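See below for the structure under consideration.
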Amino acid sequence: MTSKKLVNSVAGCADDALAGLVACNPSLQLLQGHRVALRSDLDSLKGRVALLSGGGSGHEPAHAGFIGKGMLTGVIAGAVFTSPAVGSILAAIRAVAQAGTVGTLLIVKNYTGDRLNFGLAREQARAEGIPVEMVVVGDDSAFTVLKKAGRRGLCGTVLIHKVAGALAEAGVGLEEITDRVSVVAKAMGTLGVSLSSCSVPGSKPTFELSADEVELGLGIHGEAGVRRIKMATANEIVALMLDHMTSSSNASHVPVPPGSSVVLMVNNLGGLSFLELGIIADAAVCSLEGHGVKIARALVGTFMSALEMPGVSLTLLLVDEPLLKLIDAETTASAWPNVAKVWVTGRKRSRAAPTEPLAAPDSTTAAGEASKQMVLVLEWVCTTLLGLEEHLNALDRAAGDGDCGTTHSRAARAIXGWLKEGPPPASPAQLLSKLSFLLLEKMGGSSGALYGLFLTAAAQPLKAKTDLPAWSAAMDAGLEAMQKYGKAAPGDRTMLDSLWAAGQELQAWKSPGANMLQILTKAVKSAEAAAEATKNMEAGAGRASYISSARLDQPDPGAVAAAAILRAILEVLQSQGA
């Protein structure tokens with residue numbers, strides 16, 4: 001079965017892709033009648049060396065993404081995984097020659113079709129009197145025994161584009177550029193690993209891998225690698241890759257003894273997530289530095305892909321300061337990363353976390369008995385939430401990811417652990433602020449953020465007073481913050497429904513002579529009724545808002561949890577005769 005591809009036609013996909021790149025990049029032009037992209041400022045290259053490269057399509061952004069000042073002059077593209085036509089290569093050579101360049105260097109990956117076609121075009125151009133040289137790049141470090149065909153050309157070719165481009169931009173002659181990049185090409189190695197195959201448009205996958213296997217050392221066209229290994233962690237696979245490509249027992253290895261300086265290239269083969277790419281980059285940096293290798297630059301991204309192949313290749317280039325300056329030289333090529341000219345090894349990679357600001361003076365503190373009461377309230381809230389864990393999870397499975405109870409239990413355990421460390425702040429405002437930070441850090445999820453917002457805002461009115469009107473104002477402030485940032489409103493089937501209902505009842509605390517427990521009892525009953533009523537509501541916020549209302553026939557777990565917290569507070573205060 002062929003895989004799905006977003007193309008207009010199988011036959012025209014390479015042309016369409018190149019046309020799209022040129023259409024969106026004013027510094028590029030197509031060469032009429034050919035699958036060739038050139039710099040649009042060719043006339044500015046008069047008296048300089050031109051650099052041409054290319055190969056089969058399907059390796060984007062290679063090679064056309066590397067056209068620009070300081071890199072390639074132009075690229076000749078073939079059909080997917082197919083060498084470009086000799087006629088198009090020759091047309092590109094003639095085009096740059098007619099623009100007044102003093103010679104052309106062809107940078108070619110080591111594949112038979114590319115060598116033959118670029119080589120034939122070179123000979124024809126030389127017969128016409130055009131100075132043309134060719135460098136064949138073979139940086140594959142997969143095979144321990146070299147075959148007659150030599151090492152395959154892989155992602156390291158892009159580094160040759162960069163070095164040659166910097167030299168050409170500096171006005172260096174054709175012969176010297178050819179000699180210098182030939183030396184550089186021998187000082188690097190690349191090794192890839194794939195989790196599964198890719199597929200050419202209109203065709204089946206190029207190979208199959210078992211679910212627990214990865215292919216080590218495969219080519220960028222899906223060619224077989226050196227062996228298949230069992231799936232392992234990113235750290236283990238990266239360590240294996242680096243060991244294989246630097247081992248002296250490997251005839252195609254790149255020698256990287258301790259103390260060496262390298263440029264590291266972490267290349268996405270097309271289908272790897274950026275998350276995985278970052279993990280692999282970290283593993284590669286740690287592994288190399290652990291072996292005493294100094295990393296001058298680390299280039300991470302997609303440089304030479306194999307269509308949608310989920311895999312990665314690592315390239316190591318041995319560098320000294322002169323070569324590093326060429327890597328760092330400016331370029332306008334769209335696919336070259338903007339990397340700081342700073343050594344990776346030796347750079348301070350973390351900054352000390354800011355110290356917490358000193359607590360602002362607070363005129364309100366709870367007396368000893370009141371402070372003990374706060375501890376009892378918090379302990380009972382924790383016990384209540386732990387007992388509701390499975391019930392809340394069950395309610396959440398209908399409309400979310402089934403972790404509401406787990407999230408609230410995590411908060412309860414964090415609070416219980418915090419209480420064991422010592423007495424909580426005696427100031428209600430400081431207590432709520434501490435709880436806010438604790439929940440933001442430990443509870444997680446949107447619930448942690450919402451409770452954190454609520455408590456942070458609620459703490460503000462309690463800095464000056466802690467009478468009943470101040471506690472009512474605290475409830476108002478917390479609800480306002482939840483609505484402002486959570487974008488929920490009463491009736492949206494969220495925890496806000498319970499808290500809002502309670503908050504309306506607590507307005508009575510602002511009246512002179514208000515009875516604290518009577519009003520709180522009414523507030524809790526209203527919160528519980530509001531929580532139960534959410535089962536008849538259509539969700540307007542949160543994950544449940546994406547679920548059909550026909551499937552929501554249970555109360556919202558967040559609302560149930562909020563009502564249960566209020567009930568726990570009431571029960572402790574009643575037992576204490578507050």
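Quick reminder: no glycine exception, Cβ is built from N, Cα and C everywhere.
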Requested in this report: Check Swiss-Prot for me: it has Asp401, Gly402, Asp403, Cys404, Ser446, Ser447, Thr494, Met495, Asp556, Pro557, Gly558 binding ATP, so pick out which one of Gly486, Gly503 it puts in that same site.
Outcome: Gly486
Query raised in the report: What Cα-Cα separation, expressed in whole Å, is found between Asp403 (ATP binding site) and Gly58 (dihydroxyacetone binding site)?
Result: 42
Query - Of Gly58, His59, Ser350, i.e. the recorded positions, those within 10 Å of His221 (active site, tele-hemiaminal-histidine intermediate) when Cα atoms are compared - result: Gly58, His59
Report summary line: Excluding Gly56, Ser57, Gly58, His59, Lys109, Asp114 themselves, the dihydroxyacetone site's Cβ centre has within 8 Å the residues Gly54, Gly55, Ala62, His63, Ala77, Gly78, Val80, Phe81, Thr82, Ser83, Ile220, His221
Query raised in the report: When the Cα of Gly486 (ATP binding site) is compared with the Cα of each of the recorded positions Ser57, Asp114, Ser511, which one is closest?
Result: Ser511
Query - Secondary-structure category, per DSSP, in which Gly56 (dihydroxyacetone binding site) falls - result: strand
Query raised in the report: Counting other Cβ atoms within 10 Å of each Cβ, which of the recorded positions Ser57, Ser350, Ser446 scores lowest?
Result: Ser350
**Report entry** Cβ neighbours within the same chain of Gly58 (dihydroxyacetone binding site) - under 8 Å, at least six residues apart
**Finding:** Ala14, Val80, Phe81, Cys198, Val200, His221, Ser305, Ala306, Leu307
